[in-house]
Amino acid sequence: MAKTPSKKAAKAPKKAGSKRNKRVETYSSYIYKVLKQVHPDTGISKRGMSIMNSFINDIFERLAGEASRLARYNKRSTLSSREIQTAVRLMLPGELAKHAVSEGTKAVTKFTSN
């Protein structure tokens with residue numbers, strides 16, 4: 001009995017201007033780093049990471065929307081750290097807002113000093 005050629009279709013050669021798959025950017029590496037700082041012996045599942053990523057995207061969109069609204073109310077065309085800080089104070093409850101503002105201020109100070 002003769003061996004028959006495989007039935008897999010040959011891939012078409014790539015065109016010069018063919019589109020590449022767009023990379024999906026996530027916060028997973030940052031979530032993992034924070035998790036290891038807080039609980040070094042704890043892991044996270046793919047589904048848990050996906051939920052955390054969605055959560056961060058949601059909070060980011062809400063804060064950006066609120067900051068944008070604040071800038072529009074004050075007839076500003078540029079978002080500054082002040083609008084972001086006010087949006088954080090409006091969106092997050094009590095202690096969480098205080099911690100977020102202090103961490104944000106610390107990050108901005110570190111960024112501008114380098």
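For all residues, glycine too, the Cβ spot is worked out from N, Cα and C.
Keep in mind it's a predicted model, so treat the numbers as computed, not measured.
Annotated in Swiss-Prot:
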CROSSLNK  Lys110  ubiquitin cross-link
MOD_RES   Lys3  N6-acetyllysine
REGION    1-22  region 'Disordered'
For the residue listed as 'ubiquitin cross-link', nearby residues of its own chain (Cβ under 8 Å, 6 or more apart in sequence):
none
Where does Lys110 (ubiquitin cross-link) sit by DSSP, helix, strand or coil?
helix
